[in-house]
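Working notes, beginning with the structure itself.
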Amino acid sequence: MADVPDNAPEHCPGTTSEKAGTSASCQGCPNQSLCASGATKTPDPAIAEIGEKLSSVKHKILVLSGKGGVGKSTFSAHLAHALASDSTKEVALLDIDICGPSLPRILGVEGEQVHQSGSGWSPVYVEDNLSVMSIGFLLSSPDDAVIWRGPKKNGMIKQFLRDVDWGELDYLIVDTPPGTSDEHLSIVQYLSSTHVDGAVIITTPQEVSLQDVRKEIGFCRMVKLKTTIFCTGSALFTEKMCQDFNLTLLGKVPLDPRIGQSCDEGKSFLSEVPDSPAADVYRTIVHSIQEYCSKRVTGDQDTC
């Protein structure tokens, strides 16, 4: 649970629960008096602060996956590169995969440092109009393990949203870890005072991956996130799943080993191999996302 303190007992009901401070498992907990007072049930003031901080961000898109290794960060990076190919747009990527940050490597900025200014942390710039923030920039080595419990991860996500000098953005893309856990609950909670355009769920067509995607769809519906699906590889089963859940299949990118090679080298596949079938599909998908976001701006919010 996202609202369980680091030093809580095993069966803690959560600080925002009606039973906080009064259940049997609360006996002996150092937080019992605070929870029983009701102070922990008040909204986190950071939510309003984040809403104010991100008021100059026009569009916010979450990129999710049920299972790891399906191309989620690859898609996030290519979506950002494609959007930033329009020099009139300002684009940023936020990597909240705290334990497995891969965007610094994929974007070719591994080893860069985050700088502090009077207005907060400055994100790392990949291009003049494309920036990224990741915990990978705060580690002394790419091989360092981040061994954190939920509350510390949540605090880091809050800091990324509230304390980074994002500036005026057309698009903020949030790359999340696999699954539906602390990081996902936190990002939705912290963005609740601002508008999230929607979520793109990334999958491969195997049933073992689609099983987890169904859980991800359930999560999105519980937190009222509009959802679309993107698939790498042949997508016959993915198409059926989208029909069953009445969701849009954004596209199916054919497998191309040059995509992985470009990511390893920190380069954009769309620039390296612009005439490939996979690059064509990527551009079509990005165009669909741009159209959806533009319709939301003009008041049509029922397009997805």
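Here the Cβ of each residue, glycine as well, is placed from N, Cα and C on the backbone.
Summarising the annotation, TrEMBL assigns region 'Disordered' to 1-23.
Here the Cβ of CYS29 ([4Fe-4S] cluster binding site) has 18 other Cβ atoms within 10 Å, regardless of which shown protein chain they belong to. The annotation [4Fe-4S] cluster binding site is assigned in TrEMBL to CYS12, CYS26, CYS29, CYS35.
According to TrEMBL, the feature compositional bias 'Polar residues' maps to 14-23.
The Cβ of VAL70 (ATP binding site) lies under 8 Å from the Cβ of ILE202, THR203, THR204, SER209, THR232, each of which sits 6+ residues away along the same chain. Under the heading ATP binding site, TrEMBL lists GLY66, LYS67, GLY68, GLY69, VAL70, GLY71, LYS72, SER73.
Set side by side, the binding-site residues LYS67, LYS72 differ in how many other CB atoms lie within 10 angstroms of their CB, and the most is found at LYS72. In sequence order, SER65, PRO178, ILE202, THR203, THR204, SER209 are the same-chain residues whose CB sits within 8 A of the CB centroid of GLY66, LYS67, GLY68, GLY69, VAL70, GLY71, LYS72, SER73, the residues recorded for ATP being left out. Remark: of the binding-site residues GLY66, GLY68, GLY71, the most isolated position is GLY68 (fewest other Cβ atoms within 10 Å of its Cβ). For the binding-site residues CYS12, CYS26, CYS35, counting C-beta atoms within 10 A of each C-beta gives the highest total at CYS35. According to DSSP, the compositional bias 'Polar residues' (14-23) comprises 0 helix, 0 strand, 10 coil.
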